[in-house]
């Protein structure tokens, strides 16, 4: 009934304009003050605030997803330039160190997040590509997805916005290695990696007659294999100029070498 009798949607009061234009807002006495209780500066969001560090409103930079742990104790000195949130949000609190390190936290009123290992585990890149040889013993998380039939046929009109999975080309490389009988090793993180470089898996034919007659391997310039040291009889110390020892094992001092002793 009030909307029919007295409609006030088109009316704008002077107080509302003063709030929008920040009229009467005094500057801070000195920069770096805590402005966590103040509102977000509307002019800063539009790039029109000229008050800088003396602005009494908060200048929020981008999307901040974690609450500042120093601000919780009142010790953050960065102010608006802090890359973390300066507001209390339970869903955006940092992770509890004791729960992540020891698996338990004795503080019943702990304000930090207690995340289990399943939620912190990353998705397995090999399972996302189609196959993971470790199966349920893999240290990464296996999230089941349905492959896109249009992408497998050759083209998907949705592209990256498709809700189905688009397999990567590495899966084809892995299957090619298994069909050729090439060994596939595993790294320390529980993943797979080919033991031969890509240049040996797919050799490129050279132009001209070199494709039929490959070039001979150049002889090694060094007489000793890589990683082996030369005999001490052939080693010359660059400090004293004598043979039989390295410079870091030289027993002569600088004063002795200057005096010729």
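Even glycines carry a Cβ here, placed using N, Cα and C.
Cross-referencing 91-117, 172-198 with TrEMBL places the feature zinc finger at 91-117. Looking at 6-33, 62-89, the range annotated in TrEMBL as zinc finger turns out to be 62-89. Counting same-chain residues at least six beyond the ends of the zinc finger (143-169), those with a Cβ under 8 angstroms from any Cβ of the stretch are 123, 127-130.
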